[in-house]
Amino acid sequence: MGYKQLIIILAQPIIFAAIIFFGGGKICVWTASTILLISYNSLKYRYFFWYYLDREDLHDEEVYLILFTIAWIKLRCVSFLIDYIDQQEKLEKNKIKVDTAFTKLIVDMFSYVLYTPLLYIGPIILYEEFEKSFSSNNTNLKLKLRRFLWDMILFALYTFLLDCAFHFVYFLAMQSDIEAIKKLPTIALCGGGLWMGLEFHLKYVISYGTTTAFARLDNLDPPPTPRCIARVHVYSQMWRYFDVGLYRFLVKYIYRPALETMTTHFKLSRIVNKLCASFLTFVFIFMWHGTIWNIFVWSVLNYLGITLEQFGKILSQTNYYQLFKVNILKSDETETRFLALLCTPLLALSAISNFYLFGGSSVGNIYFECFMHPTFFNTMLISISLYCCCHVSMALQDVSSRTDKKTN
């Protein structure tokens, strides 16, 4: 790593360390974070980093890796500072005076923010959980090494299978030729969409699984690897179980504080407060992932799906629905079929939104047009397929996967 790469990586921790030094609060943290996010996105899309890092000496993959690192460092800086400020406020409330040397704080911060196994590709482990690793009991070294070797073998096998698949399934490569994708029949497009989702999922299972395997050797308790997308049919489950570390970050530092603030200062209904808190959360998601059109569409469709899901939950708790369940549905099995039918359009919307994320705007637009102007046969075939997917997902909803654990 050259000095220019080092400057870029250390810039954010130094700025946030200055906030600690001058006694800044949460408003300062989020103001600095927002400014840095805007600056990061502005410079990224003007290819500043490519020119600054002497792209003649670096491959594009290396530049992208540094950009990913900047994004992950931002989350860790926010997590450290917010947890530190909360801890100080709790001590002041209990009238406990603890003088912590600034140098110790900086060492703690940099050891967390620049923790090497998770530095480049994540996932995010909250500072509160990172700190617990220093005081928790060490498990048997032999057991840890056995788990580590098993994980390495498993993820190496996944990598081999995924690499083999790329030699036979060329759908991702076809994204550079939009006209070729437009010529595909609807069923082939749906198969390609499913392949993009499975490839995206497996890529994160491999990357997160490999890095967290090393983290476990240091007595850390990392979040579980992403749950298979084939067993998820609603937005809330996708966010809760795909990137668990990011979900915990969003809930702890954005959603819950925003909901508490809305509830305290505004006399609005609880559902409105929840939707406003969700909106702020998705604004951050959009800015953190990148302020480009396909990310914007993906974020908007996700927020729309979450909103529809929330209204559905509210309706299911009304007396009218209970009467409908008793008099019309009459059994749990019939209710399950009814809910699967209602969730089918949501699953279709979820699929389209993810196609914008996986393939970009051009590919996403093709799928959107396909769903907007379908033939009767394709409509029935896709609807029945999605309906069956909802049934499978609902049946597996309470069945834990290999790495599942509590996600708050």
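Any Cβ shown, glycine's included, is placed from N, Cα and C.
Fair warning: this is a prediction, and the values are worked out from it, not measured in the lab.
Listed features, source TrEMBL:
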- 6-22: transmembrane segment (TRANSMEM)
- 27-43: transmembrane segment (TRANSMEM)
- 63-85: transmembrane segment (TRANSMEM)
- 105-127: transmembrane segment (TRANSMEM)
- 147-173: transmembrane segment (TRANSMEM)
- 271-289: transmembrane segment (TRANSMEM)
- 295-315: transmembrane segment (TRANSMEM)
- 336-356: transmembrane segment (TRANSMEM)
- 376-396: transmembrane segment (TRANSMEM)
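Against the transmembrane segment (376-396), stretch 336-356 shows more Cβ pairs under 8 Å than any other of 27-43, 63-85, 271-289, 295-315, 336-356. In this chain, the transmembrane segment (271-289) lies apart from the transmembrane segment (6-22): fewer than three C-beta pairs between them fall below 8 angstroms, excluding pairs fewer than 6 positions apart.
Sequence-distant contacts of the transmembrane segment (27-43) (same chain, six or more residues past either end, CB-CB distance under 8 Å): 12, 15-16, 19, 49, 70-71, 74, 77-78, 81-82, 85, 287-288, 290-291.
Beyond the transmembrane segment (105-127), the same-chain residues lying 6 or more positions past its ends with a Cβ under 8 Å from any Cβ of the stretch are 9, 13, 16-17, 20, 65, 68-69, 72-73, 75-77, 79-80, 83-84, 207-208, 211-212, 214-215, 218, 220, 222-223, 243-246, 248-249, 252.
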